[in-house]
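Everything below concerns the one structure shown next.
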């Protein structure tokens, strides 16, 4: 283990050629140099974030959802059938046609009833609007607080306006207390999201979210150890700016504030496309990939750090594609037809809606409607026969 740590902590991995760890020691009053042991504190901080989130959602988010008018849909509960329940939990939530036939024989039920049971059972597991509202409100609270504090700590720094200042004096650059806590809290937050992702709302881009969280944690941790703190603070600030609008838009979407959501969506699309597809590659990736080489020779940390930035940029392009799809729908349909990143739920057609909402009473109504349609069809058939017979009789004299 000691040999592995010594190999991992080799100077050529973390600092440019010609520099040594002893050169990184800061004198009293100059600040402190980032050390790997500082990152150990992010794990207990992540657990604290999870506890704070639990309290926040119940004390603030749930009452706020009621004030804004968030309502949960009530689904019909599936009947208690042990064999179907075991198959649902152990095998699949959406059985194939052959599996439906086999389950019907085992339980003595028709295929229609088997399919209906699984549909009702999937609906029971759907996250409620209140749960999704609480999740969005927690992220909105953190992103707003983080962005405000980060902007306040960076607005007076020289590298905020001139990104080449990120490398002046590198790697011997002291880290202020504000930027130290900015790093620790940001990394702890993403670590808490990764720890709780299994119980959060699962969306279509679930795998991309996992990759994003892991890449973000590695990026923040590596940039701190390698003292890429200056450019790292800019990366975090750029990402938080668009996330604020996204989360507040989700909150109002769950509250069914349609017009306000449309306005926020347009604003979010503009901010996201500008910050993630222009500012991030032209300012941040450009300064780490090209400008930094004017101050030091490339080393392992240079390639590794830029590779992580490119992973984030690929995710930005993927999400930009989803956003542009929504923009297309918004422009040609006049409204946003749901979230392209919405929860992975089974579609419900009109017949299923009627069955779930009406129950046995709706079946009687549908039977009466079917009988009336059959009667109308029969009348039409009689009228058509009479009309055809009249036409034949009118043609007989001409034929003779």
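Cβ from N, Cα, C; glycine included.
What TrEMBL says about a protein is an automatic prediction, not a curated fact.
Going by TrEMBL, these are the annotated features:
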type: DNA_BIND; residues: 73-129; note: DNA-binding region
type: COMPBIAS; residues: 345-359; note: compositional bias 'Acidic residues'
type: DOMAIN; residues: 71-128; note: domain 'Homeobox'
type: DOMAIN; residues: 131-332; note: domain 'TLC'
type: REGION; residues: 341-363; note: region 'Disordered'
type: TRANSMEM; residues: 38-56; note: transmembrane segment
type: TRANSMEM; residues: 140-160; note: transmembrane segment
type: TRANSMEM; residues: 180-198; note: transmembrane segment
type: TRANSMEM; residues: 210-231; note: transmembrane segment
type: TRANSMEM; residues: 302-324; note: transmembrane segment
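Counted with DSSP, the DNA-binding region (73-129) comes out as 35 helix, 0 strand, 22 coil. Confidence over the domain 'Homeobox' (71-128), given as mean pLDDT on the 0 to 100 scale, stands at 87. A Cβ distance under 8 Å defines the sequence-distant neighbours of the transmembrane segment (140-160), meaning residues of its chain 6+ beyond its ends; these are 56, 166, 176, 178-179, 182, 185-186, 189, 230-231, 233-234, 236-237, 240-241, 243-244, 247-248, 251.
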